[in-house]
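Colleague: Take a look at what Swiss-Prot says about it:
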SIGNAL    1-15  signal peptide
BINDING   Leu52, Thr53, Glu73, Ser126, Asn130, Gly131, Ser133, Val273, Gly577, Met589  FAD binding site
REGION    117-136  region 'Disordered'
DISULFID  Cys187-Cys229  disulfide bond
ACT_SITE  His544  active site, proton acceptor
Amino acid sequence: MKSIILSCFVISAAASQSYLPTEQIDVQSSLLSDPNHVAGKTVDYMIAGGGLTGLTIAAKLTENPNINVLVIENGFYESSEGEIIEDLNDYGDIFGTTVDHAYEIVSQAINNRTENIRSGNGLGGSTLTNGGSWTRPHKAQIDSWEKVFGNKDWNWDNLFPYMQKAEIARPPNDVEIAAGHFYNSSCHGTNGTVHAGPRNNGEPYSPIIETLMDSAKERGVPTQLDFHCGVPRGISMIPNALHEDQVRSDAAREWLLPNYKRPNLQVLTGQFVGKVLINQTATSGAIPGYKAVGVNFGTNKNVNSNVYAKHEVLLASGSAVSPRILEYSGIGLKSVLDAAGIQQIVDLPVGLNMQDQTTTTVGSRTKPSGNGQGQAIYFATFNETFGDYAPPAHELLNTKLHQWATETVARGGFHNVTALEIQYENYRDWLVNEEVAYTELFLDTSGKINFDLWDLIPFTRGSVHIQGNDPYLRRFSYDPKFFMNELDLLGQAAGSKLAREISNTGGMQTYFDGETTPGSNLAYNADLDQWVDYVKQNFRANWHAVGTCSMMAEELGGVVDSAARVYGVEGLRVVDGSIPPTQVSSHVMTVFYAMSLKISDAILADFHAKSSKH
């Protein structure tokens, strides 16, 4: 196998702050699209996926000119149906285009419906398709990754500096502060890579946000806080991942464009990584060893090639795809692999522990006096969400954990009752003792009072598994098993009920001009049971799935260790959103960027340790 120094071309890194759409489209012509340029060759690190984590890690590794990296991405730099939607206010316009994977889930038992999971397909991944919300989780949640799940050094104090390192924060101006923003400079980074600041289209801000905060204060809810300091709670406006000119700050713009002029970085687009190439190494007793040596990639079973990795293969294809690559490679549950006709080499609970959230909408019209731009988040605690229904909800937490774990394992969402009960006990501790945010109510005031809301801490566990042995047919079962846990359904219903109440109480009555969703479809005095019935038929996925290649101790159900290395296979890591062992009370971009930087340091430490031995 021949080693190659990989190269490509880029416009000046100095111009990375402000690209015109035409300049962005020209980037694609500078990337590789012919697989023959890399087929049969060897690089130091092969990254499967050019999304948020893949591009971040590629940029960090290639800061060392002696490290050669190849990124293989299924998508391209821009959509074949038009350039990326740069205005975050219009992000939904890209759904259904070639930049949206639109994974179809299996029919859900709760309502016999299927839907598409929105996920970015292109360089930048879901940073091309999301709404850009920029928040961070609760300290206790990240601390549990070490304390509960055995991931050494994965705690708030260690991850927080990486969150700051990723960020170029733009403080709010006086007008934005008056509208409801708050900024604590000690919680932000200013010398990072991803731009984050207030969304501001130049129009006046709606008075609704300030009024909502005033009403919340009367109920003892904290307001106008910085949700980046480790305790997201209450109501405030938030920054978004965007430049000062309001252009999207996506992973391709910030991590690829300034760097792919490097002679040691190459990006191949329009190709799908099907499986990892794994060799058996020396046997230790009765247990054989295995090492990842490359990947097979292509477009179909008749048109595919191998490329080899001298050091490591890094899977960065996301929570829906990375577990499938592992399974096609012989890593996973025997029952799944046998059914697919694949020889198992390593037994790990790949594809289990999927944790996605569910979304409902409560929307109303505003009187003209309430018009204006603005978005805010209410991070509501468990008690705030349930209100008068909190006592029976607590009773469920105190009496049902073992039953829920048993039922979840029986449904195929996890594989070990005892280990899952530990997860559930951790979630109960968050909700009861730490008072982490349980529900996010996302308010948009652009001529309306619109709450999109979701249960942040689902107890339901789903799965994703391959169906067949040909990765290029992309046949798989994606099953979040929404609302198979009773508390999740009750929580989504209670959050929806809360959104209706706060839309039209106190000072909000000044601007409220009639509800549109649910509107007449649900009686205004509906009780929680009626809201449950409504939610069953009117929710959607939140598209934030994590956990399908969980990072935790192997005996707890881990697929990767605290350095993101796959158990039982040398030279193979999973480095994307499939590895967080828990959900968090946050939008996940900030966590994924910090993860990427921390894992990059681990990879580089191993590289330097190996180099020093030679």
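Note: Cβ is positioned from N, Cα and C throughout, glycine not excepted.
Model, not experiment: these values are computed from the prediction.
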Colleague: By CA distance, which of the recorded positions (Cys187, Cys229, His544) lies nearest to Leu52 (FAD binding site)?
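Modeller: The answer is His544.
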Colleague: If I take the Cα of Ser133 (FAD binding site) as reference, which of the recorded positions Cys187, Cys229, His544 has the closest Cα?
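Modeller: Result: the closest of the recorded positions to Ser133 (FAD binding site) is His544.
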Colleague: Quiz question: given the binding-site residues Asn130, Ser133, which has the greatest number of C-beta atoms lying within 10 angstroms of its own C-beta?
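Modeller: Top count of Cβ atoms within 10 Å goes to Asn130.
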Colleague: Of the recorded positions Cys187, Cys229, His544, which one sits closest to Glu73 (FAD binding site) when you measure Cα to Cα?
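Modeller: Result: the closest of the recorded positions to Glu73 (FAD binding site) is His544.
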Colleague: Rounded to a whole angstrom, what is the C-alpha distance between Cys187 (disulfide bond) and Gly577 (FAD binding site)?
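Modeller: Per the Cα atoms, Cys187 (disulfide bond) and Gly577 (FAD binding site) stand 23 Å apart.
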Colleague: Round to the nearest Å and give the CA-to-CA distance linking His544 (active site, proton acceptor) with Asn130 (FAD binding site).
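Modeller: Rounded to a whole number, the Cα-Cα distance is 10 Å.
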Colleague: Calculate the distance in Å between the alpha carbons (Cα) of Asn130 (FAD binding site) and Cys229 (disulfide bond), and round it to a whole number.
Modeller: 23
Colleague: Can you tell me how the residues of the region 'Disordered' (117-136) break down into helix, strand and coil by DSSP?
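Modeller: Grouping H, G, I as helix and E, B as strand yields 4 helix, 4 strand, 12 coil.
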Colleague: Suppose we draw a 10 Å sphere around the Cβ of Cys187 (disulfide bond). How many other Cβ atoms does it contain, all chains included?
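Modeller: Its Cβ shell of radius 10 Å holds 17 other Cβ atoms.
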Colleague: If I restrict to non-local contacts, at least six residues apart, and a C-beta distance under 8 angstroms, what lies near Cys229 (disulfide bond) in its own chain?
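Modeller: Listed in sequence order: Arg136, Asn184, Ser186, Cys187.
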Colleague: Does anything in the same chain, at least 6 positions from Gly577 (FAD binding site), have a Cβ under 8 Å from its Cβ, and if so what?
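Modeller: Residues satisfying the criterion: Leu52, Thr53, Gly318, Ser319, Ala545, Val546, Val588, Phe592.
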Colleague: DSSP on Glu73 (FAD binding site), three-state: which is it?
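Modeller: For Glu73 (FAD binding site) - judged by DSSP and reduced to three states - the answer is strand.
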